[in-house]
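Worksheet: the structure to be examined is printed underneath.
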Amino acid sequence: DGCGHTVLGPESGTLASINYPLTSPNSTVCEWEIRVKPGQRVQLKFGDFDIDDSDSCHSSYLRVHNGIGPTRTEIGKYCGFGFQMDGLITSRSNEMTVQFMSGTHTSGRGFLASYSTTDKSDLITCLENVSHFSEPEFNKYCPAGCVIPFADISGTIPHGYRDSSSLCMAGVHAGVVSNTLGGQINVVISKGIPYYEGSLANNVSSKVGPLSTSLFTFKTSGCYGTLGMESGVISDSQITASSVLEWSDQTGHVNVWKPENARLKRPGPPWAAFISDEQQWLQIDLNKEKRITGIITTGSTLPEHYYYVSAYRILYSDDAQKWVVYREPGIDKDKIFQGNTEYYQEVRNNFIPPIIARFFRINPLKWHQKIAMKVELLGCQFSIGRAPKFTLPLPPPNSDNDKSDDFIRSVKTSLETDKTTSTPEIKNTTVTPSVTKDVALAAVLVPVLVMVFTTLILILVCAWHWRNRKKKTEGTYDLPYWDRAGWWKGVKQFLPTKSADHEETPVRYSSSEISHLRPREVPAMLQTDSAEYAQPLVGGMVGTLHQRSTFKPEEGKEASYADLDPYNSPVQEVYHAYAEPLPIMGPEYATPIVMDMSSHASAPLGVSPISTFKAAGNPAAPPAGPYNKVSCGTESPSSAQALYDTPKGQPGPGAAAELLYQVPQGLPHPASAEERP
């Protein structure tokens, strides 16, 4: 009468003292006989051990034996409060006996232990959680019988389980191991979440849990997708039932709860049997063999109809004629699955090992008021690789019959030797071929698109850098290619004429271009690229030129040869980089140009001065003052040379009467003795 929680499986199991984790009663005894497959040995591991040792293990103790029966031999006798045994107790054969004696005592929780065959080197007990492991991912073996009433779990799949949950009990809830058989778990630890949901699955209730620092999930084969009840992949004609409930409401409307209504999460009534007995069933045809790993059920989902199935069996078939009841390996009884406890909650049950079948049938055994339910099947496609076909080569044509028979016999022998007896690997083939093609196409297109966009970005960056570099190489007075005089002249003829009181865009000359010219080439260049408004020449390009403003000089100044400026305009403190048009009532002056005594004809004396700027409208009256007349300082008209050039596109100096621009006065040539003022 001292036996507590006990599950003895063919390869593993769990055993505990009575009332564990509370104090066991006095004067009780329990003995467990453990037997595994021949050729294997048994290993025992304690998850908790707390037995009173006040009388030195005389009346309260735990004793372990090799073998079973009278021939057994003792391995060890153990007692003590909080006794720690990190190692394993191993038998010498495939049998072991565990004996618990509880004498007179006042405290002590008793013990909880797990066992397995010795090939499960990573055995853990049902009490361990993730706090016992430091690795972020690890594999362990859970024994059978870890669904214990004194352990709690919080969470569900796929969100994960709270770190305080029992690893093996959570594995049963998730459907990765069986409580009857145990199994291997692959655990992954990650950051916790604020809230953990509760659910009922595989006869394990998960509670709602608060925030935790970490959580854990399980790696699985991935064969847990829905098979088409909710989505409609399974058509109405593929769902049949033993009977259908039909009834009329108070308004006289006939309600029919047909088999096709048994689709999970679909609104409306469920499927319900006309007669509620153990002979009713709901059948689903999958059209071909599928690997079925689980089932989810609900009740009617209608508050006014509180109907649900609380227990059922599962049958399966390949031809809908011969049916097999689902049983767990090594168990001679039909597996009874726990169903719903109310009309709305979803309850999941997993099949370990999975069912391979085309036809699937649910047989309700217990229900509340009426048999009514909605279902969804979990699983994936099932396929078995076919053996390759062998073609026997023909024997040599010149060989006799004996040699031919020996040849064929040797080939047959080699083929029989190469046969495999291992079970073919079952793969998850839920990914459709079209999805596979799309994935392959995406794997090719994505790198190509990345390379194309990267190339375009590099081209744009290089162009931007080239443009900035070109701007930096231009001088202060450089002209962009669109601002050259020739281009502007061609465009300007389509624009309206500006008045004299408006500023026009100045023309700039490149210092880098002019600096390479000889003094005699400067006027030719300026004449070729003439602008409508005169511009100052950059100082330093010719030794005799200085930076001067083209504005009207101050009164009273006289010209001197030191400045070489006909107007002797004083140097202003505020230098104007560009020439500006003079007011409409003031005189207009042209930009001085370097003299070339050999390239121009002399100007006649007495020619009245004309503005070097193009007039708009009526010409302004000549101003009064010492500069209202331009006199020639040469005695011979033929020897005088023009200081100002003729504008581009106008008649030569021979047609003085037709010129719109002033032919400037000539200066005395320093080489001539006759030229004196």
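Placed from the backbone N, Cα and C atoms, the Cβ positions cover glycine too.
These features come from TrEMBL:
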type     : residues   : note
DISULFID : Cys3-Cys30 : disulfide bond
DOMAIN   : 3-118      : domain 'CUB'
DOMAIN   : 120-216    : domain 'LCCL'
DOMAIN   : 223-380    : domain 'F5/8 type C'
TRANSMEM : 439-464    : transmembrane segment
REGION   : 627-655    : region 'Disordered'
COMPBIAS : 631-641    : compositional bias 'Polar residues'
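For the domain 'LCCL' (120-216), residue counts in helix, strand and coil come to 11 helix, 36 strand, 50 coil, using DSSP. Non-local neighbours of the transmembrane segment (439-464) in the same chain are absent; no residue 6+ outside the stretch has a CB under 8 Å from one of its CB atoms. For the domain 'CUB' (3-118), the number of residues in each DSSP class (helix H, G, I; strand E, B; coil) is 0 helix, 61 strand, 55 coil. Along the domain 'F5/8 type C' (223-380), the predicted structure has mean pLDDT 94.
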